[in-house]
């Protein structure tokens, strides 16, 4: 993929996504008991999973789901996410709306955020909910990885929209990526070379999302962009102090990496590094207080573990009811790996726990 990119034949993410989708066509996922349709919500493609209606049945619950993939890969239509959303719809007897937001490199931040927000706001309209027989008081917004990032950002934006009459009851974030402020949290240090999502890969996803220069990767890795002399980052430092937000079992013996002098020009070149629509963990307390009841799933073998744990703590400190569901023996991305040949016990375990919480709280 990178050779093709180097030869300027195509962007490596386009090639990688093509390979993923080609492989995905080899799989077949049954959907006998769920009606699956594709629709367009305010210009954004979505896939809707509907359980069969029963006579005299009450309105259904619903989940707006945003898939992961570094804002650049996968699709609501791939078998992995198709299977997840189908099982959610069956298990919860709920209408599941899977958002097909546009990907890097076709578009970059903030377009993915805008797509997810537009599709969600469209669905939350009373007439649309009525069309799908959805209870307006029993709606969750959810997503995994980069989709968890978008779900958290959309939830924050919805909570501040004074004109919105219907809001999500819950948010459920699966190993979400929530900050680009500190790439040396204990989980980033501990899992820097962990398969599925090594630290350098996550940094490159951020750079691609922001349409930034990959020459900045090393400076980001050593936190040059948030050094003590970078004035733009100063006001955010207290919102992401992992020494106070993480339990000792996660901090272990790791030390903070805080540069005395850095490169303020990085923030000038990529201001989105401090934009809460991209980095929800940096939101102010007044916004966090408005968030709905929250579920956050984290995995020990994941650079993003501490993003989720810190967000859970900040929400809890703001008075939000939070369930932090941590798995010591699981890895990033595991929940979608439930189909042969990547059917892992970690996927079944995390998916079951996630669906159980939704069933009990939605």
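Glycine residues also receive a Cβ, built from the backbone N, Cα and C atoms like all the rest.
Just so you know, TrEMBL annotations are computer predictions that nobody has curated.
Summarising the annotation, TrEMBL assigns domain 'Alpha/beta hydrolase fold-3' to 63-221, 275-335. Taken from TrEMBL, the feature active site covers 145, 302, 332.
Everything TrEMBL records as a feature, shown here on the structure.
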residue : record      : Cβ neighbours (10 Å)
145     : active site : 30
302     : active site : 27
332     : active site : 26
Fill in the CA-CA distance, residue 302 (active site) to residue 332 (active site), as an integer in Å. 5
Residue 145 (active site) sits from residue 332 (active site) (Cα to Cα, rounded, in Å) at a distance of 8
Across the whole of the domain 'Alpha/beta hydrolase fold-3' (275-335), what does the mean pLDDT come to? Round it, please. 97
